[in-house]
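Asker: This is the feature table in Swiss-Prot:
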- C77: active site, nucleophile (ACT_SITE)
- H452: active site, proton acceptor (ACT_SITE)
- 204-218: compositional bias 'Polar residues' (COMPBIAS)
- K235: ubiquitin cross-link (CROSSLNK)
- K289: ubiquitin cross-link (CROSSLNK)
- 68-502: domain 'USP' (DOMAIN)
- 198-221: region 'Disordered' (REGION)
- 364-395: region 'Disordered' (REGION)
- 57-517: topological domain 'Cytoplasmic' (TOPO_DOM)
- 36-56: transmembrane segment (TRANSMEM)
Amino acid sequence: MLSSRAQAARTAADKALQRFLRTGAAVRYKVMKNWGVIGGIAAALAAGIYVIWGPITERKKRRKGLVPGLVNLGNTCFMNSLLQGLSACPAFVKWLEEFTTQYSRDQQGPHTHQCLSLTLLNLLKALSCQEVTEDEVLDASCLLDVLRMYRWQISSFEEQDAHELFHVITSSLEDERDRQPRVTHLFDVHSLEQQSEMAPRQVTCHTRGSPHPTTNHWKSQHPFHGRLTSNMVCKHCEHQSPVRFDTFDSLSLSIPAATWGHPLTLDHCLHHFISSESVRDVVCDNCTKIEARGTLTGEKVEHQRSTFVKQLKLGKLPQCLCIHLQRLSWSSHGTPLKRHEHVQFNEFLMMDFYKYRLLGHKPSQHGPKATENPGSAPEVQDAQAAPKPGLSQPGAPKTQIFLNGACSPSLLPALPSPVAFPLPVVPDYSSSTYLFRLMAVVVHHGDMHSGHFVTYRRSPPSAKNPLSTSNQWLWISDDTVRKASLQEVLSSSAYLLFYERVLSRVQQQGREYRSEE
């Protein structure tokens, strides 16, 4: 039943409608025409307000302690996750800033060939809160436009791989560096002799050996650039071939077969990567010489073939270490499958055991010596220092030194065969020479045909202490950003790991001692 007030309102409305209907047609037309004009004006005002101020969701301010997200342009989560991971590496951002500054100083005209480095630098600085922006979501379509200028066919509506994009960016930056004018070097005699007064005469220089190699400024400063060593030893005569050096921008590690009841760790993947393998039917020059010396007639001896043992090591560790865990496998029918095993990793990573050392090199007995590399990021040490004592040496007694909370190097298998490993223990990072800190993790959810990339990364340091490293972690999925715990990060199924070189406690003490002197 309606209340008395509602009944009175209904009665008044009925009376007004009856009076309107009793009026003439001309009066009703004028009133309806005025209503149309009023409605049109109201609609125009509403549209103008929407155009000027926009919807409320577009004006969201970024919450304190978080970083901007990135809008998904179709299927660009692979790019968004990689950019968030790179922005969490201060050494890479600083190198980009120094590279663009040096390029601007050398160039006189417009910087038409520096699109990628400047675009990437502006994006990473905005994502690391170094640029003044209050927007909660940023647009990274400018990066795709620049990469298309480098003839990369990258569609924002097709699913791509974050690791492939990482190498696209590093190789494109190298192309940009190649277009940069070379810095005149003392050994570049030809450039130094290009003087006007020396035009009539041609000055030549004769040398018995090969010219001294000129330094490559970009490669020496590239934070993700490292070197692998390949060592081959004959099993018959034990002759060692010359060490071969290859460059890398990321370590792509296969995941070994898991043993039931024992977790897989990052150390297992690293050891599987450097494990020795036998290479059969290889010509050994030393065995051929020995066989030739043994003949009395001096007749020609056929090339002696033998089995070699090949092993990889890390010749030069970069400032920023990108580790790619290969989760692609193939079934017996040739179908691609994704491996979903959880690979345990820690916040800190010791790489001493995987570092290549010259034969006969003795580690320091007074602790490692830390040398500061000019131009490197704070707390990032890029000098080649001696490995810490105590790690297992070839032919040395096996000691129970545990790496990264996984297992002793002496207990790891010489060949990739499934064996039982001890339970994880707390590692000792204090005296490590090659110590890295986790900065970001890229995770892929889904299968080999479809999925989604998300990123765990450290929050940028505070403005009061910009050289510090934040302990607050963030979970980022395109434009969604929230806080996360370290335990959540370490429990994720990592696809890409971004580590950055830091000084251990012993190295920091050594640097402070030398500064006091």
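Quick reminder: no glycine exception, Cβ is built from N, Cα and C everywhere.
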Asker: By a simple count, how many Cβ atoms lie within 10 Å of the Cβ of H452 (active site, proton acceptor), its own Cβ left out?
Answerer: 16
Asker: Same chain only, sequence gap of 6 or more: which residues have a CB within under 8 Å of the CB of the residue listed as 'active site, nucleophile'?
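Answerer: Residues satisfying the criterion: H452, F453, V454, S477, D478.
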Asker: Using C-alpha atoms only, work out the spacing between K235 (ubiquitin cross-link) and K289 (ubiquitin cross-link) and round it to an integer in Å.
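Answerer: That comes out at 16 Å between the alpha carbons.
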Asker: So what's the mean pLDDT when you look at the topological domain 'Cytoplasmic' (57-517)?
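Answerer: Mean model confidence (pLDDT) across the topological domain 'Cytoplasmic' (57-517) is 75.
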Asker: So, three-state DSSP: helix, strand or coil for K289 (ubiquitin cross-link)?
Answerer: helix
Asker: Who sits close to K289 (ubiquitin cross-link): which same-chain residues at least 6 apart have their Cβ under 8 Å from its Cβ?
Answerer: none
